[in-house]
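Copied from TrEMBL, the annotated features are:
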- 12-357: domain 'Acyltransferase 3' (DOMAIN)
- 372-393: region 'Disordered' (REGION)
- 12-31: transmembrane segment (TRANSMEM)
- 62-82: transmembrane segment (TRANSMEM)
- 103-126: transmembrane segment (TRANSMEM)
- 146-165: transmembrane segment (TRANSMEM)
- 177-198: transmembrane segment (TRANSMEM)
- 218-239: transmembrane segment (TRANSMEM)
- 246-266: transmembrane segment (TRANSMEM)
- 272-293: transmembrane segment (TRANSMEM)
- 305-324: transmembrane segment (TRANSMEM)
- 336-358: transmembrane segment (TRANSMEM)
Amino acid sequence: MSGSAVPARLPSLTGLRFFAALLVFLFHASLSNSPIPPNDPINPFADPTLAGTYEKALLNTGYIGVSFFFVLSGFVLTWSAVPGDRKPAFWRRRIVKIFPNHLVVFAASLLLFAGASISSVAHWLPNMLLVHTFFPQPQINLSMNPPSWSLGSELLFYILFPLLIIPVRRIREGRLWGWAAVMVVGTAAVQLAATYLVPDTPKSAITPISDMQFWFGYLFPPGRLFEFALGMLLARIVLIGRWPRGIGIGVSLALMAVGYAAGFFVPFQYTFVAATIIPIGALIASVAAADAAGRRTWLRSKTMVWLGEVSFGFYLVQGVTIFYVRSLMDGATFGIPGALAVIVGFFVLSLLAGWLLFRFVEAPAMRRFGRGRSASRPAPSPDQEKTATVVVT
């Protein structure tokens, strides 16, 4: 792709983003109990067998959705990065992207749950500042709005990106795949460390491993850097035209199905990332390659792009919506039609709230403080791409 124009925007990836948020929604809608005290029942199916099947079938969807977002972050930031972008300007744009939505949902969670999940300023302040996942205590790292834990990792990625992009751009083209493999191995190494180096007691209330293992292997931001870096490397691979044509969207989806199925047979902690990291990377790269080549996909339709645009707000509010509405239902469970209606209701309310966040919080903030980009930009030549760096003054 070097020497030709490549699009600055990848609409199919925007559309795909919605499905990642949807996977997290389905995961939360299947939980036995809310992670927010007093831990009200969530799963709406009355039949125990059906409820258990529903929960087990969707157990790993949330992990896939979050990992997708982390790889995607590295990919799109690298794809759109241009030499001369100053660090303060970059950090300002990223802070404006995540903090307004986060603070609105943070306040809503505090009001709706009347502070049920916190008992001191030490529990809510780290969450508000998005440093809560650096603390191993569940009452801190999963406080307030539990899905906001992933923003702690995103914030670390944003802080480090202007520094990481420099060595990533200097990697020789022939070594990009090798470094990508190192990142994949790194995700498994994190779980090995969590299994053998981190205490396995006391056991977690929401997973079959210990609180410390869950924190270190899943929530701790430095452990998620491998996914972000993989996304950066894949962006370079696609930009220079090295993505294999034989690995298209269909093949990537097949790999995803295999990875998801494997999650039912590997130790629990390997379902976080290791079982599906290769399919996730392949799917993101293949969809981006299709956009870059000008191939039409249904993911770039107006509806899908709109859903992708509101997906961040949807992701942030879906947990609070599900947990709060279920808390009003006094643990009621239903037959199949009623349970499905409850889940659809969760979805509609979450999508509406996500759109409101996008329309009245996220989009105005980005218009006011963000910086627009042109529709296309020249692809760097091999030499230019190897030496280009972000201005750090």
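Glycine residues also receive a Cβ, built from the backbone N, Cα and C atoms like all the rest.
A TrEMBL annotation is a machine prediction, not a hand-curated record.
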Tell me if the transmembrane segment (272-293) touches the transmembrane segment (246-266). I count contact as 3 or more CB pairs below 8 A, with pairs 6 or more residues apart.
yes
Can the transmembrane segment (12-31) be said to touch the transmembrane segment (336-358) if we require at least 3 CB pairs below 8 Å and skip pairs under 6 apart in sequence?
yes
Can you work out which residues elsewhere in the same chain, 6+ from the ends of the transmembrane segment (146-165), have a Cβ less than 8 Å from its Cβ atoms?
24, 28, 35-36, 66, 69-70, 73-74, 77-78, 81, 85, 87, 90-91, 94-95, 98, 102, 105-106, 127, 130-134, 219, 221-222, 224-225, 228-229, 232, 315-316, 318-319, 323, 389-390, 392
So which of 62-82, 177-198, 272-293, 336-358 has the most C-beta pairs under 8 Å when paired with the transmembrane segment (218-239)?
62-82
Counting only pairs 6 or more apart in sequence, are there at least 3 Cβ pairs under 8 Å between the transmembrane segment (62-82) and the transmembrane segment (272-293)?
yes
Where else in the chain does the transmembrane segment (336-358) make close Cβ contacts, counting only residues six or more beyond its ends and a cut-off under 8 Å?
25, 29, 44-46, 50, 101, 104-105, 309-318, 321-322, 325
